[in-house]
Structure formats: C-alpha cells, structure tokens
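Accompanying notes for the structure given below.
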Amino acid sequence: MELHLALRASPLPAADPGRRPPPPRGNFATNCTAAINSTHISQEKFRSLDSWVEHNMLTFLKPVEKCWQPQDFLPDPSHLSAEELGDAVREIHERAAEIPDEVWVCMVGNMVTEEALPTYQSLISSVLGGTVAGSTPWDRWIRGWSAEENRHGDLLNKYLYLTGRLDMRQVEKTIQYLIGSGMDVGVGNSILCGFIYTCFQEKATFISHGNTARLAKHHGDTTLAKICGLVAADEKRHAVAYTNLMKKLFEVAPNESMLAFAHIMRAHVTMPASRMFDGRDPRLFTHFSAVTQKIGVYTVRDYGEMLDFFLKEWEISAVVDDLSPEGRQAQEYVCGLPEVMGKMAERADDRRKKLVNVGEPRYIPFSWIFNKQVCV
C-alpha cells in the first residue's frame with residue numbers, strides 16, 4: 001500500500017523515525033489542530049457523493065473471481081510430488097541467488113509495509129466513521145479495497161520466504177512490531193486530509209513496486225518481476241480511484257480541500273511505515289529509505305514528480321471560486337512546491353555524489369538479510 005511519501009534531501013536523515021515531526025510552520029498553519037479543523041467537510045457535502053462513489057469508484061474494484069490470487073504464482077504442494085516440489089523451490093533459489101542484497105532490503109520493506117494493512121484499514125474507517133458491516137458505498141469501497149490489498153502482502157511474504165535469502169523470523173518480527181505500534185499520520189479526523197494522504201500513498205506504492213519489478217527482471221527473476229508488477233498494477237488502479245475522488249472533492253468543497261492539501265504538504269506528516277522496527281535497529285525505516293533512494297526504488301525526484309502530477313490532475317492553479325484568503329494562500333503555497341522539490345532532488349543528487357567521491361562509503365547491517373551490510 002503506502003510508502004514513505006517524501007524523502008529528505010540527505011541520504012541518511014538525522015531524525016529518529018519514531019519521533020513525531022516538528023509542528024508545521026507558516027502564517028496559515030502554525031497550529032496543527034486548527035489547520036486540520038479548517039479542512040472538515042460538512043456531512044451534507046460528503047453524503048452528497050454517495051451516488052458518485054457508487055458509480056465512479058466502486059467500479060475500480062474487480063470481482064473476486066477475476067482477481068489473481070497468491071497461489072497462482074507459488075508451487076502447489078497439493079499438486080506436486082515431493083521431488084517436484086523440491087525442484088520448484090530450487091528453481092526459485094537459483095533465480096533469487098542473482099539478486100543483490102540491497103534489492104532484497106527494498107523488497108522486504110515494501111512487503112512489511114503491505115502487511116500492515118489492518119492499520120491502514122482502521123485509519124480510513126475511523127476517518128469515515130463507517131461500520132464493519134455497513135452497506136454505504138464508502139463502507140463497501142473500504143472493504144473491497146482492503147480485500148484486494150490483502151493479497152499483496154500474502155503473495156510477497158510467501159514468495160520471499162521460498163527464496164531462502166531472508167531471515168524470515170526477523171521479517172515476521174518487523175511486521176508484528178509495525179502493526180502493534182499503530183500509526184498517527186497527522187490527519188486527525190479530517191476526511192479530506194485522509195484521502196489526500198492516501199492518494200500519495202497509493203501513487204508512491206505503485207512507483208516503488210514498479211521499480212522493484214524492473215530490478216528483479218534486470219537480475220533475472222522474471223517470476224518475482226511479474227509478482228511486483230501485478231502488485232504495482234493494483235496500486236495504480238487504486239491510486240486512480242482515490243485521485244478521481246479528490247478531484248471530485250475539489251469541485252464539491254474547494255476551500256476545505258485546498259487547505260487539506262496544504263496541510264498534508266506542510267505538516268511533515270508521519271509516514272505509514274515510519275515506526276518500522278525489527279527489535280534491533282531503532283532507525284530501521286531511515287536506513288530502509290536510504291537504500292530505496294540509493295538504488296532508485298523511490299526517490300526525492302519521484303516524490304516531486306508525484307506532487308506535480310496531483311497539481312495538474314486536480315487543476316489546483318485553476319481553482320478560483322469559493323476560496324477564502326487562507327485558501328488562496330494555501331493554493332499559492334502548494335503551487336510553488338514543485339520548484340522547491342526540484343531543488344531538493346538536486347541537493348540529494350549532489351550529496352550522493354559527494355559521498356561517493358569523498359571518504360569511505362557507509363554500510364548498514366540489516367537483520368532481514370542475516371545482518372549482511374548494505375551500502376547506503
């Protein structure tokens with residue numbers, strides 16, 4: 001599902017991923033609570049979208065019988081002899097042997113994030129105020145979306161286990177720690193902030209899984225490449241659904257949506273997997289993020305391009321009606337962000353080059369790969 005949305009310009013941020021970020025700064029969002037309160041949409045406006053969700057969002061969910069399932073890509077012990085099963089696993093081992101350690105770190109980090117789905121479902125349900133068995137279009141979307149997402153962690157977990165390249169007990173501990181730690185992403189109970197946040201999550205996850213698919217293919221594991229590609233395709237479909245929803249919300253509640261967009265961009269919102277922990281490394285998420293930046297799985301430049309995409313898709317600069325003075329200030333702020341992100345990406349590239357050219361490279365051990373060290 002979601003990933004680290006924005007990476008800092010430095011390849012190894014100094015901030016402890018377990019700490020809450022500083023409060024947002026600026027004239028119109030100095031108080032986080034006040035900023036979130038300004039983004040609330042009325043129940044009347046929100047419920048007016050029930051029919052729209054029914055006909056324009058639920059259609060992005062696939063019938064279960066037409067969905068791929070994890071078992072489609074795994075050896076099936078019920079249909080293989082012991083010898084055939086052993087051969088199938090050996091083939092997976094042989095393909096996996098060619099994949100570098102840093103790619104496995106990214107694969108595991110992505111999979112662990114997917115496995116924390118219960119937290120994400122709880123977050124969206126709490127923001128929407130839905131019920132477990134509710135029949136509204138919103139309730140059905142949440143359950144259907146979660147059901148599709150659930151296959152991602154299942155498949156990645158099982159396949160990575162079969163590669164023999166990972167310390168699965170450490171991976172499993174990381175998953176349990178992450179789900180148990182909960183998540184406060186800084187959106188309060190704002191529906192609009194929650195949906196904008198999720199738009200970025202789904203888009204970032206699509207990018208990340210797509211890039212791991214490319215790397216797996218490059219190193220010769222076409223099956224793993226296909227698996228990551230299928231997950232990326234699901235994430236892209238979900239991202240389109242959430243992006244279309246926010247475009248509609250900008251039409252229905254332009255001022256509240258603009259303030260929500262600015263809040264998400266300014267508040268240094270905690271990333272979904274920022275509490276990632278394996279029982280050993282308190283800066284695990286920071287180190288994982290540094291690896292994704294280094295090998296191009298997810299970078300500052302990706303984040304900047306993603307931001308630019310949403311600005312254009314939601315036609316932010318063209319919103320003129322029903323904006324308060326604060327809304328116009330928020331609009332000006334978010335429209336100026338691509339230039340800022342471009343400079344951040346350039347600084348990140350420059351710092352990376354300096355680290356390569358000056359001094360010894362830095363290596364970090366990851367328990368997921370039996371404490372082998374990876375250059376960050």
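Placed from the backbone N, Cα and C atoms, the Cβ positions cover glycine too.
Marked as transit peptide by Swiss-Prot: 1-33. Annotation comment: Swiss-Prot describes Glu114, Glu149, His152, Glu235 as Fe cation 1 binding site. Summarising the annotation, Swiss-Prot assigns Fe cation 2 binding site to Glu149, Glu202, Glu235, His238.
Cα to Cα, Glu202 (Fe cation 2 binding site) and Glu235 (Fe cation 1 binding site) are separated by 6 Å. The number of other Cβ atoms within 10 Å of the Cβ belonging to His152 (Fe cation 1 binding site), over all protein chains shown, comes to 26. Under a cutoff of 8 A between CB atoms, and with a sequence separation of 6+ in the same chain, the neighbours of His238 (Fe cation 2 binding site) are Phe60, Trp145, Glu148, Glu149, Glu202. Fewest Cβ neighbours within 10 Å among the binding-site residues Glu149, Glu202, Glu235: that distinction goes to Glu149. Glu114 (Fe cation 1 binding site): 27 other CB atoms within 10 A of its CB, across all protein chains.
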